[in-house]
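What Swiss-Prot lists as [4Fe-4S] cluster binding site is 65, 69, 72, and the listing cites sequence analysis. The feature [2Fe-2S] cluster binding site is assigned by Swiss-Prot to 109, 141, 201, 271, with sequence analysis given as support. Marked as domain 'Radical SAM core' by Swiss-Prot on the basis of sequence analysis: 47-276. The region 'Disordered' annotation in Swiss-Prot covers 320-359.
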């Protein structure tokens, strides 16, 4: 199938992409990648223009998760030796918000490594959110694991705008990656967040040993739930995890996946997330033709390429960062690359404890 622009027209006219059409996209020949991105960009430009939304993550509780997600070095079940610390204090989380604001973030994401939050941890996030909202006109996203209805309402009432809980992969493939909880548990948490009035941030990871059909199944499941934000991560294997020796997905195929996610989710905040620097490498700018958002300043257990290089990438590709004009004066992002080699491992070595996860 080569008439990719007809798919964009179909989507813009209000007819959702079908499963078979989505499969055609992810199975396209490499020669078709630019044509696919052109189709995805028509949809992206219609809903988001050339704007790019910057998100920053705060790893508020690290390395102490009891779950066995095979991709994650923060699990206590693996010999991955992550940095470990308990729940940060309110002041630390608010300080992280200031740093995110100075980096130009429009969304600040508070993340904990856990199955689900204790009531005291929910209280910390709620108080931090209230204080952040008093000063910084940023959206606040929380990612605290599995939620019940009471916890979801409490977070929403405190001003949390969006809740992140990724499905990670298709329902069929999930059991090959996680055994300590069910895919349906994650779906229920996302539904609880939406029922409480928060937007749903929910996506997955490319490269968990799944088939391309699993990418499509995940995208369609997210559409059925009605998520507003879709982070797409790319597995950057972590030492000591069961997936440490898995080959990364080719960048061409990652771009096909992003194009498919954009066509399935035309209005969503589509984010190229963890692993982009390593897996997409020099093809990152092309991803902006489908995605309208990304994280800067690192992830869960890996550093990024530096916000200076990220901003330069946006500008050189002909896009523009979304900047919130109101609020306190912020530091202008530096223009010089603060990781001279552009090496993500070098960024790892200089990563601060507040550097956060993908999601």
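Placed from the backbone N, Cα and C atoms, the Cβ positions cover glycine too.
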Original post:
Looking at the binding-site residues 109, 141, which sits with the largest number of other Cβ atoms within 10 Å of its Cβ?
Top reply: 109
**OP:** Work through the binding-site residues one by one (65, 69, 72, 201, 271) and point out the residue whose CB has the fewest other CB atoms within 10 angstroms.
**Re:** 65
Subject >> 8 Å Cβ shell about 65, 69, 72 centroid, [4Fe-4S] cluster site members excluded >> reply: 67, 68, 71, 73, 74, 75, 113
Original post:
Could you state the CA-to-CA distance between residue 271 ([2Fe-2S] cluster binding site) and residue 69 ([4Fe-4S] cluster binding site) to the nearest Å?
Top reply: 21
Original post:
Given residue 65 ([4Fe-4S] cluster binding site) and residue 201 ([2Fe-2S] cluster binding site), what distance in Å do their CA atoms have, once rounded to a whole number?
Top reply: 21
Original post:
When the pLDDT values for the domain 'Radical SAM core' (47-276) are averaged, what is the result?
Top reply: 96
**OP:** Round to a whole number and give the Cα-to-Cα distance in Å for the pair residue 69 ([4Fe-4S] cluster binding site) and residue 201 ([2Fe-2S] cluster binding site).
**Re:** 19
Original post:
Any idea what the Cα distance is from residue 141 ([2Fe-2S] cluster binding site) over to residue 72 ([4Fe-4S] cluster binding site), rounded to a whole Å?
Top reply: 20
